Structures are given as structure tokens and as C-alpha cells.
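Visitor: What follows is a structure written as C-alpha cells; I'll ask about it next.
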Amino acid sequence: MSFKMTQSQYTSLYGPTVGDSVRLGDTNLFAQVEKDYANYGDEATFGGGKSIRDGMAQNPNVTRDDKNVADLVLTNALIIDYDKIVKADIGIKNGYIFKIGKAGNPDIMDNVDIIIGATTDIIAAEGKIVTAGGIDTHVHFINPEQAEVALESGITTHIGGGTGASEGAKATTVTPGPWHIHRMLEAAEEMPINVGFTGKGQAVNHTALIEQIHAGAIGLKVHEDWGATPSALSHALDVADEFDVQVALHADTLNEAGFMEDTMAAVKDRVLHMYHTEGAGGGHAPDLIKSAAYSNILPSSTNPTLPYTHNTVDEHLDMVMITHHLNASIPEDIAFADSRIRKETIAAEDVLQDMGVFSMVSSDSQAMGRVGEVVTRTWQVAHRMKEQRGPLDGDFEYHDNNRIKRYIAKYTINPAITHGISDYVGSVEAGKLADLVMWEPEFFGAKPDLVVKGGMINSAVNGDANGSIPTSEPLKYRKMYGQFGGNITHTAMTFVSNTAYENGIYRQLNLKRMVRPVRNIRNLTKADMKNNNATPKIDVDPQTYEVFVDGNKITSEAATELPLTQRYFLF
């Protein structure tokens, strides 16, 4: 016996299905469902009178020993990922995603590959969007509270360096030396997110670099405040090649030790993560942006220049002065700061992100960037570029899937690949840690509904604890049980170099968290960047700072109004 319902009735019960489009927040972007794993009429839903009950969509006979029985299922989720926009159930077991498919009871339902049993909990994701937890690869570990702010924006992994509020940490993403690295690895035991630390990359003595990799650093940071010379960079890359770790570069703004071409000559054909490749965050003035054309450079933006607005240039001078410990009474310090800020290259940056020339977005937390705005600013750029440049190839009305996949890759899978952690995190795929962010569509990109970290709810919008229902005002983000007791040790990862892992750094420091090695880094090229691997010819006019791609000038207009702003953040 069949039952017919209208499309609007179906959507209100089970969320969108194939061909339906969902608007992302108050942006102009629409995600269209490409595939639905559901069998119409066999949808698994929880609640009074719903299907997930004993003997119905919940199997009464299975136990947790069955490998297909889930610990947790997110039902009828709209998954937005770098390679798919699909409607599916998400099965989680032992803290990992084990299946994207159809949940229910295979005894009475067809095509079930995620079994719901007595040991299964449910998160109702009907009508909601689920994305992979975001990855911020430019974090100054200045303040432990950054982790909570990031979680509440949809970020579940931090990579960078620092030791707290030292001048070194405030200016450079560096955790210098074995002693500091060990202390930060121990501090990470209580952080509710995944973390990895980068060591200081300035030393001609390889032993001084190698001891940091042995101590657990997942890479080296070369920063101009410590001296970003071609020599220092080359030595850091030598060690990185030996130990399969990444090098992140904040290049030489003043061109003291050479120009952009000299830096690239020192790099040779070795892979490198180029921080804030536009240059306002630091790097060869005025043409660092040209490095994004190289096939061995993995370029990222930091979020204060994204998107380009009428306020962007004005706010940057003070940020540079404070972050880099400059003195406003010294003319040379003012000149240094001023040389980094060029509206022409900033205006071009949004376009390069939209073309897939820039591959990643990060924060530069509390050091010329905002740790809670990586996700928001990424989608603001996507909105602005659709406004100014129209749909990408293959997109059309109510279908921005190609642009959406390009932009979500910038803070999920591509940072994971760049730093050797894509086997563990970065996408909604079977086998990966269940770091998932759930959004009401109208709040997408601004405020998540809840964050699942390693299979446990870690942070969620919830009401007054004395309320009679969970939605009693005030509704606000609250820590969930995933952050209490020993749960962090079972749901969050600490990333270390492979050599530190093999030498038992977790035993040496008595680390309780899941410790995992980074890997497969030194063989990367830009071709490995998902949906963001373009390598056109880039030129910068040395007088006007105008940017040209394959001979064509690129620029964007300064925004005076943006989505995902005051409408969402009045309270």
C-alpha cells in the first residue's frame, strides 16, 4: 500500500530530497541535493509515533557486537562536503564515522546498512545541514579560551604554535624547543579540540630543528620576526624532507634577505604552506601573491582580509603595529606596517579564492585574525564573489554546488591534506573521526546548532538548566558531556610527527589523548588541493600593485554590506 504526500509535506517531515535546494544562511548561495540515500516510506525518525521504535526501525535482536550496529545515528542529514551534497543517515561507532547510508532495521526495511539497535542514540538531523568539523591551520596559541570560541563557530582542529601570551606567541605561530613543545602537548590534554604544534624553523644547525620534531612538533614555522632568510628556509625544508613534516612560511616583508624570487629559489620544488599569501598578514611586499602560481606552494588566506570591505584597509595598520611589537614613534616601524597593506592585492585575494588559486582559509588568531570567524568569512567571500562574478561553471539558479564544494574544502579537507592529517579528519567519510557540525540552514555559516566531537556531543545550543524543556531561554552555547571527565581523551586527537610517535612520545609524557602521527606531506603538490588547485600566471604591477592573472587584471569592489553579520550577532 502506498501513500502520497506533497513535496512540502515530505520536506517538513524528513528534510529536503533530490532536486530540492536549501539556502545557506542569508547568503545568495543555494545547495541542491544530489542524492538521497533514503527509501521513501522507510525513513528513520525518532519521537512519539515515529519509526525508530522497538520492532520497527529499531531492531530488537541485535547487540553492539554487530559491526553494523551504530552507537549514534544522525538521521536524514543534508551533508555538505567537498565532494558531495547528499541526504543520508550518518552512522557512528567507537567515535568514528563507519557509514554514510540508510539507517534502520534490515529485518523489515530495504537497503539498510546502518543498524539501529538498543545501544543506539539518535540525533535528529531532518531539515538540518551537517558538515565536517573545520580545521584552522594558522593558530597562535595565546589564550586557551580560543578553543571554545572556535568550537562554537564550527572549528574542531587547531594547528599552529605558541606558549601563551608571550611576545613570541603573539607574533609567530611557534612553540620553540622540546621543553615548550612537551608542556603544550601536556596542556592539550584538556583542550576539547584536536591540536598540533609547529616548532621554530630558524636554525642552520639541523640538530636544533630535529630535536623539535623528535619532541612532537608536526612541522616548522619560518617567520620574518625570527628571520625568514633563504638560508633559514632552506635548512627548515631540509629537515622537513627528512622527517615528512610541513613547513609554514611567513615570508620577508621588508625584502631584507632577498625578494620573492630569492625565496622561491631557496624553496626549489619542495612543498610549502604559504601563510596569508596575499601579503597583508606578512610576506614579500608587494608581490608575495605571485607565489600562489607555483605548483609546490599550498596557499592560504587569513581571515582579516576576507572579504574585502570598505573597513579592511583602515583596521589593518593598528593590527600590524600591535601584533608585531612595533613602535608608533619610530618611522621605520610605521613604514614596515604600511608596506604590508595594499588595497589592490587585498581586492584581488577574494577573486583568487573564487578561482581556486588560493586553496585554504585560516584565522591568524589574536595575531591579526579572529579565531571564531574562519567559517563565517569563508562563506561571506563565496557570497560576494557570486554577487560580482556570477555562477561558477556548472552552477545555475538554485544550484551553487560547485562553488559550495570549492569553499567548504578551504577549511576542511585541504588544511587536513596540507598538514598530513586527512586520514583522520577533514571530511564526512567512513573511517574518519566523527567530528561533525550540525546547522539550522538559516544559521549556516554563523552559528552551529551543535558540534559532535569524536562521536560525543561536545558543544550545543541549549536552554536554562532549570527549564522544563531544553529550549527555555536563555538559549546559548553550553559545554556538553564530551568535554567532561575523561571524555576528551577518547574524543580528541593530538597530532605529532611520525618520528615522535614511533619513539613513544605519548608514553614519555603520559599522554592520555589519542595521539596520531602526521604523514604523506612531502610528496604533496597543489594538484592535491581539492577543488582549489589552479596555477595560473600571476603578475603584480610594482608601481600600482594591481594584480593580473594570465594577463587579465583582477579586482573586486569593497563591500559595504555582508550576509552573516549583525542579523546573527546582535545578542
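Numbering starts at 1 and runs along the chain as displayed.
Using the three backbone atoms N, Cα and C, a Cβ is placed for every residue, glycine included.
Computed from a predicted structure; not experimentally measured.
Copied straight from Swiss-Prot:
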ACT_SITE  HIS324  active site, proton donor
BINDING   HIS138, HIS140, LYS221, ASP364  Ni(2+) 1 binding site
BINDING   LYS221, HIS250, HIS276  Ni(2+) 2 binding site
BINDING   HIS223  substrate binding site
DOMAIN    133-571  domain 'Urease'
MOD_RES   LYS221  N6-carboxylysine
Visitor: Could you round the CA separation between HIS223 (substrate binding site) and HIS250 (Ni(2+) 2 binding site) to a whole angstrom and send it over?
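Guide: If we compare the Cα positions of HIS223 (substrate binding site) and HIS250 (Ni(2+) 2 binding site), the gap is 5 Å.
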Visitor: DSSP three-state call for HIS140 (Ni(2+) 1 binding site): helix, strand or coil?
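Guide: Note: HIS140 (Ni(2+) 1 binding site) is in a strand by DSSP.
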Visitor: Which of these recorded positions has the least crowded Cβ, counting other Cβ atoms within 10 Å: HIS138, LYS221, HIS276, HIS324?
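Guide: Per-residue Cβ counts within 10 Å for the recorded positions HIS138, LYS221, HIS276, HIS324 bottom out at HIS324.
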Visitor: Are there residues of the same chain, six or more positions away from HIS140 (Ni(2+) 1 binding site), whose CB falls under 8 angstroms from its CB, and which are they?
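Guide: In sequence order, the residues whose Cβ lies under 8 Å from that of HIS140 (Ni(2+) 1 binding site) (at least 6 apart) are GLY160, GLY161, GLY162, ALA169, LYS170, ALA171, THR172, THR173, ASP364, SER365, GLN366, ALA367.
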Visitor: Do you know offhand how many angstrom separate HIS276 (Ni(2+) 2 binding site) and HIS138 (Ni(2+) 1 binding site) by C-alpha?
Guide: 9
Visitor: Rounded to the nearest angstrom, how far is the Cα of HIS250 (Ni(2+) 2 binding site) from the Cα of LYS221 (Ni(2+) 1 binding site)?
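Guide: About 8 Å separates the two Cα atoms.
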Visitor: From the centroid of the CB atoms of HIS138, HIS140, LYS221, ASP364, the recorded Ni(2+) 1 site, which same-chain residues not already listed sit within 8 A by their CB, in sequence order?
Guide: VAL139, GLY160, GLY161, THR172, THR173, ALA248, HIS250, TYR275, THR302, SER362, SER363, SER365, ALA367, GLY369
Visitor: Find the average pLDDT over the domain 'Urease' (133-571) in the predicted model and report it.
Guide: 95
Visitor: Can you list the residues of the same chain, besides LYS221, HIS250, HIS276, whose Cβ falls within 8 Å of the Ni(2+) 2 site's Cβ centroid?
Guide: HIS138, THR172, THR173, VAL222, HIS223, ALA248, LEU249, ALA251, TYR275, GLY281, GLY282, GLY283
Visitor: Expressed to the nearest Å, what is the distance separating HIS250 (Ni(2+) 2 binding site) and HIS138 (Ni(2+) 1 binding site) at their Cα atoms?
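Guide: One finds 11 Å between the Cα atoms of these residues.
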